[in-house]
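Straight from Swiss-Prot, the features:
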| type | residues | note |
| --- | --- | --- |
| COMPBIAS | 1628-1639 | compositional bias 'Polar residues' |
| COMPBIAS | 1647-1661 | compositional bias 'Polar residues' |
| CARBOHYD | Asn396 | N-linked glycosylation site |
| CARBOHYD | Asn1303 | N-linked glycosylation site |
| REGION | 1-51 | region 'Disordered' |
| REGION | 1192-1216 | region 'Disordered' |
| REGION | 1625-1668 | region 'Disordered' |
| TOPO_DOM | 1-116 | topological domain 'Cytoplasmic' |
| TOPO_DOM | 138-176 | topological domain 'Extracellular' |
| TOPO_DOM | 198-212 | topological domain 'Cytoplasmic' |
| TOPO_DOM | 234-242 | topological domain 'Extracellular' |
| TOPO_DOM | 264-271 | topological domain 'Cytoplasmic' |
| TOPO_DOM | 293-301 | topological domain 'Extracellular' |
| TOPO_DOM | 323-347 | topological domain 'Cytoplasmic' |
| TOPO_DOM | 369-487 | topological domain 'Extracellular' |
| TOPO_DOM | 509-522 | topological domain 'Cytoplasmic' |
| TOPO_DOM | 544-576 | topological domain 'Extracellular' |
| TOPO_DOM | 598-1045 | topological domain 'Cytoplasmic' |
| TOPO_DOM | 1067-1074 | topological domain 'Extracellular' |
| TOPO_DOM | 1096-1100 | topological domain 'Cytoplasmic' |
| TOPO_DOM | 1122-1136 | topological domain 'Extracellular' |
| TOPO_DOM | 1180-1375 | topological domain 'Extracellular' |
| TOPO_DOM | 1397-1440 | topological domain 'Cytoplasmic' |
| TOPO_DOM | 1462-1668 | topological domain 'Extracellular' |
| TRANSMEM | 177-197 | transmembrane segment |
| TRANSMEM | 213-233 | transmembrane segment |
| TRANSMEM | 243-263 | transmembrane segment |
| TRANSMEM | 272-292 | transmembrane segment |
| TRANSMEM | 302-322 | transmembrane segment |
| TRANSMEM | 1046-1066 | transmembrane segment |
| TRANSMEM | 1075-1095 | transmembrane segment |
| TRANSMEM | 1101-1121 | transmembrane segment |
| TRANSMEM | 1137-1157 | transmembrane segment |
| TRANSMEM | 1159-1179 | transmembrane segment |
| TRANSMEM | 1376-1396 | transmembrane segment |
| TRANSMEM | 1441-1461 | transmembrane segment |
Amino acid sequence: MMNTLDHRPLGRMETMEGKPDEDEVPTSSNSDAKGKGYYYSSGTVPTDDSTLEEKCQQKTFDPSCPTPKTPVIVPNREFDPNFSTVTENKGWDIFRLLPPKPDRLGHGFWHDASLQVLKLATFLVLFLLTLGSAVVAKSTFILMTSAIGWGGQTITICNQVISEATQNTVKLKNAHVVKWVWATLLALSAPEALCFVRSMHRTMFRNVKRPTFIQFVFVLIIETFHSIGVGILVFRIFPDLDAVTAAQLTNAMCFVPAILSVISRKPNKSALLLVIIDFAAIAAQSSGFWALPMFLPNLQKHLVAIPVSLTLISLAWWQNFVHRDSVFPPVRTLAKFAQRLSERRSKTYAFVSLWKICIYVVCCFLFISSRMKIEDMLQKDPFGEKLLSVAGHDMNQTQIEKFQLRINQMIEQANREAGFYAAAEKKKQPPKKQPKADEAEQVDAGEYMMKRFKRFIGDAGENEEEEPEEEEFSSYNIYSNYVERNQLTMAYDALWLVIFQFGAVFVCYHSSKFACKVMMQRMGFALPMALSVPVTVLLLSTNCRMRQKDSCYGTNVLTVELFWQCNGASMSLADFILTPQTWIWLCWLASQFWITIHLWNPKHERLAKSEKLFILPYYIGAFVDQSLAFNRRRDDKAKIKAEDLEFDAEDSSLTYETIPGLQNKTPPSVCSASSSKLENGLIRDSASSADAITKIYACATMWHETGVEMTCMLKSLFRMDEDQCARRNAQKYLKVIDPDYYEFEAHIFFDDAYDVNEYGEPEINKFVKQIVNVIDQAASAVHQTQMRLKPPKKAKTPYGGKLTYIMPGKNKLFIHLKDNQKIRHRKRWSQVMYLYYLLGYRLMMKVDDPSRKEIISENTFILTLDGDVDFTPSSVYLLVDLMKKNRRLGAACGRIHPRGDGAMVWYQKFEYAIGHWLQKATEHMIGCVMCSPGCFSLFRAYALMDDNVARRYALKSEEPKHFIQYDQGEDRWLCTLLLQRGYRVEYCAASDAQTFAPEGFNEFFNQRRRWIPSTIFNIMDLLKDYRNVVRVNESISIWYIIYQLVMLISSILGPGTIFVMIIGAISISFSIDTLISLVIVSIPVVVFIVVCLTAKPEHQLICAQTIGAIFAMLMTAVVVGTSLQLQKDGLLSPHSMFTVAVATSFLTAAILHPLEFTCIIPGTIYFLAIPCMYMLLPIYSVCNMHTVSWGTREDPRPTEKNTLAKKTPGNLESGDGAGNSENWCTRFLCCGRGTVHPMTMVINEKLNEVIKKVDRLDRKHHPSLARRASILSSTGGTIQIDKCSEADEDEQAEIEDALEMSNQSHAAKKNQKWKQAQSEAWLADKALKRAEREYLEPEEESFWNDVIERYLSPLIMDGKDMDRLRAGLIAIRNSHTVYFLMINIVFIISVLVLQIHKDCLNIEWPLGPKFNHTVRPCYANHDDNQKEEVWVMTRLQLEPIGLVFLIFFVSILVIQFLAMLCHRFGTLAHIIASTELFCFRKTMDRLSEDELVAQNAVEIARELQAIRGIDENAHNIDNPTEDRGISRRRVVQNLESSRKSMMKRKTETLDAAFKKRFFALSSEQTPDPAGFSARDNSKRLTLRKGTIRALEHRRDSLFGTLDNRKDDEVDATSMRGPAQRRLERLFTAQQDQNSPTSDGNRRKSNSRPWDQPTSSATSSGDVELRRF
């Protein structure tokens, strides 16, 4: 049954301003026609006549087509999202306005070049550092085990000890070897001790899971076997191996991983080949069990020990080589068990690490006992000096005498030097405190050191028994044909070598981890791990050959008796390669490379945590390279299948430049046609791995922003839209999986969006109209062409209204218009709106599967924005990286840069810089950030949905302090709730965003007046709950709580500190007494306090400006006073050191932030403003704590529109406190309203006017006529009018109108939801006339009604509640003001009194004493020529409290400076990880298709989807003319070309531009394809022939074989590509099968989209077709 539509005639661009009856629900056909943008001037909706439609909707009208008897639906092209409507343009209106210049999003060429150089240098440093440290660690460890094997052997050493002999030998005893045993044990135990410390720290300060008994016992058994295997290899086998063989054997430690790799292999096409290679690796690894003893006969005794130790060692890494996808069920079970073990490893290894150290000690004593006695191992001071006898054999008498003469000369020379130094030392020392002489001289004999006689000889006096005498030994012994030279070994050389070896291990681990974090794993980790053993073998074999040739080789680094074992390693390189042992080792090396092949294909995210990189929390000092390679996780990230990357099926009514039939079919294996998104949201209605895709909801809150501020925020959203569309197109059409892919949706919540017109109806205010006007400008600025977005859809909602825009990238932008009379306004309630809408309604209500809810919530993020923020997509990537890195991260914020003009903005630039450089960085490093600013922050949905977060955030402020804590600092309170629930908040310095800062003094003070009390209240709330916070939040320790307490105390005492500083500076600068200086400074401060407590806010701000200017001038005296103080006290005085430390820390921080170095320039303004900002501002904030108005961007309503609100009693929206300080405290309550609706007052005013006019008219014509009109008050009643039969018709009509309005007024008083709730006048506003009307889904409308009723209904307060609130706020103000002033006054008095009386009570500063040298005659000896020198030393005297607080502030500064250094290193890592290296890429000609597309997919998609130039020929594309000379601008030609182009439809969506270029690309066509400018072609990837061929081939593989036929009749700009012609034929059949859907009748057309006419034809007939 057909419904008759509105028959009012409308113009061509006229909108339907009428509204349907609220009680009448339109039927489907009517609503569908409206939803499609169709309008009928008369008649009814026709039935579906396919034949007639097909005839009448061709490219041109057929003359034989009969005149339709019923209206024909003409599609509303005005609402097509892909092209702009051709409006009627006058011939004279052709002058152009160029789009604004593009924003400078990057940092310039030199910045990018420096990042490239930095990344290259990092590649090189990491490679060398990891490889070098791994080689050093392994070599030095083998050196220690080789030294154990030298025990009891006589070795040949360098003949430099006894140079007269041809050969020097030494016999190493157990006393010489025992130190290397302990050194080896320490080298094994040090990493385990470090693991114990880390595990205990995590156990004590973080909330980690406790293992079950079975899990603990299982890990204990495995690690025990592993430790026994290490002990056998190190203490039993290695001492008997030469160095080269020992290094080679470390490649045979992956027998168990080789077996597990086979049984964990996932079945696939190449599984058979992979299994064959796996068995080959097993065979290669098992060869170490039998081959090594066979080729080395001396190892026959270790025939059993070698396979046992290697197998036990390889057990440790079993967790990394079992997979859940294995075909064997036991392996899958074991993999799940391993996953649970990883979650509980901290508490497990807190005990296991100590247990392993005990195992190492037992193995040491067990296996070394066969080489030496236990008594030798337990000797005292095993690392000390030991006597070593070096023998020179085969010497004749002449050589012996020459040796004796040389030694005696050396001894005499040593004695002379010892006596000289002893005499000099004795002269220096006081006579009563002579230390004991040490007669152990060091004698230099060539290049070694020798001690003779006694090591210690006690002096014949005191302390003789404290240092016992050691045995004496002769310097040398002479025999018949040889001599012995006795010398002491170097003390603690083994201990130093252990420290050096552990340092190399430590560096290797952290450089490897850093390489993995910054996405340099192949070059910085995998390659060094593969090369470490070959390089070590090469190094050791070279050293052995060199030692064979020269016995003195290496003695300049090592002691003469220390070197590697080189049994049979002195062969040449050719002989070494040809030995069977070398070939077996190469098999081990190849098998290890295959088993650790996962190192070359990392899949982890940037800056991944150690737990995500390594399976075990420890590494082995003996072979750190193998332990790290096997410990590196294989499965880092869940794989997202390409078919799960779903995209919306495109509707033909919403797509213009598409391939026929393609809109309902997606490319093969890229999109899934079986699923869609819920209500145009980002959540799919079926489970898939795509649930883990990052979803970003940008939620901005707006109020009274200017047009420039709105444009900045909108440009940021359009940048995100463009970036997301490029990534979507790259995946959709280029079949590339982008690891950084995300889905995006934008919401803007507009507070106070409505005004009330003269009829009491809501109408959109000037700010809403402003954003509607600037949205096209923002899009034009981003896309660098004149853009005109598709008109929005407008809908009436329970909270006001909603505008829905489709951005050029097909992402949606929702503008929610809030009516203060229907819903609470202000920023916190807007945040509650989108929390409940996006997380409560869309996620929790629409998704049924709980597991899906958890996955989606962990990967859904809300990007909170202010209405004036400006950012880039790269800044969002960095925050998302932090979120992916840490699952417990609840929020992340970036670096905020204030923008604007004026001195206040310059001050804030420096203030923001110091706050971020030092304070935020410190919070990030030692705990977590306390406040994530709402202007640019990323919140995790999972954290916001947790208990006591979103629900508590929606609480209504009941107590007076709630208004301060909850509503004045909503961002900080939300972060406080996250911290109390155990989530972490982080800061990323590389994520930049700009926001407009207050430019005026008053606005700045009002902003800080909100921030300071809310900050103090939230910190105090956190400190009160510190026990719970420390318990549940692993990022917050008791030390961080103490740090926050210290910062709170410093903030409270800040005004007093500045006050004392000014007093001292004035006193020193003007040489006046301290008390006089106190009076001078106190007068303006006291006056300001009195003004703040008594005067109006406007007068307070005037007083603050005046006094602040006076103190700024006095700060010049502070400069002079500080300089005089520094000169008087010296550079080592505490004040000087503090001043230098502050200046140095600021300058260093600026140098470490080179891109922000200019922020330090306004430091002078910051210095002059210190008294104003750190003394006056806190006083102003505390004294106005009861004032809870917003204070910034307040736009007072016009007087005529505010009259009603002022007359309304009890209405808290405007208040009446403009001149009453008592009521100033309630101005913020603009959400509330009284019992009388403002509309009632409007009606009363209009009724009064009507009655007055009627009375005047009546008195004029009928003076004797008695009238009476009773207009009751707004509390109730009706108007009663006595009608007279003598009244004429006009009078009767006026009376009836007045009566009708009276009755409506009475109804309004009974129901506050009267006409304002039903009115749709704002929908007919001129700014929205082109917008299409839509209606909310019933379910969504029900949601909004419920959430408003429960949480967001406007606040209604009666007089008593207002009085109670006012009294409570004033009481809080009074109490906190008293506390604040008393604490500072006590502090000031204490410091000043102690300063005055510091002669009596002081602390002497130990540094920088001053000396006064006086020479006076000495009369005691009656000799006038004798003079006496008097030295008087004076030290600086400090008052105790001043010194304590100086140390207090210095400690804070040191902590912040060190934390800033650590944070800068982390930021550097983040920048390096995010920087893409271009210089080593293959050239385009050398890249294969897959490599080309994979490396440049997003950039190619971004170039293909560019809107600029898409509708023009290559030679007609407008290039900017402002840089050209006047003679070359071609003004007339450009204007003519522009006029012609204005008559054409313009593509307005990125998808359509991409498809048009993508399907038109052909390597057979001209090198300048349609839509590309000939300018800068060399810089475009898509214009290169290699790129075009690769894209063409990729397109064919996705969409079918190309048809090479050309259509010469088609112009180059609209030429159909080969794929288009092919796809047209492929989808012809499907096109004929299209049927009407629930959204309305779809038009069937055989015409091609690119051949559509520029204007729709109209037919002549009785029915007039119109579009709206």
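From the backbone N, Cα and C atoms, a Cβ is placed for every residue, glycine too.
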Secondary structure split (DSSP) over the topological domain 'Extracellular' (234-242) reads 7 helix, 0 strand, 2 coil
Relative to the Cβ of Asn396 (N-linked glycosylation site), which residues of the same chain, six or more apart in sequence, are found under 8 Å away?
Asn481
Stretch-level contact, the transmembrane segment (1159-1179) and the transmembrane segment (1441-1461), CB cutoff 8 A, at least 3 pairs
no
Does the chain bring the transmembrane segment (1376-1396) near the transmembrane segment (1441-1461), so that three or more CB pairs sit under 8 Å (pairs 6 or more apart in sequence)?
yes
What are the DSSP helix, strand and coil residue counts for the topological domain 'Extracellular' (293-301)?
8 helix, 0 strand, 1 coil
Which sequence-distant residues neighbour the transmembrane segment (213-233)? Criterion: at least 6 residues beyond either end, Cβ under 8 Å.
188, 249, 305, 308-313, 315-316, 318, 337, 340-341, 344-345, 348-349, 351-352, 355-356, 359-360, 362-364, 366-367, 620, 622
By DSSP assignment, list the helix, strand and coil residue numbers for the topological domain 'Cytoplasmic' (1096-1100), in that order.
4 helix, 0 strand, 1 coil
In the topological domain 'Extracellular' (544-576), how many residues does DSSP assign to helix, to strand and to coil?
10 helix, 0 strand, 23 coil
List, by number or range, the same-chain residues at least 6 past the topological domain 'Extracellular' (138-176) whose CB is under 8 A from its CB atoms?
183-184, 187, 234-235, 238-243, 246-247, 250, 368, 371-373, 376, 379, 386, 388-395, 399-400, 402-403, 406, 445-448, 482-483, 485, 487, 489, 494, 497-498, 500-501, 504, 532-533, 536, 539-540, 551-552, 555, 560-565, 621-625
The topological domain 'Cytoplasmic' (264-271): which same-chain residues, six or more beyond its ends, come within Cβ distance under 8 Å?
278, 321-323, 325-327, 331, 335
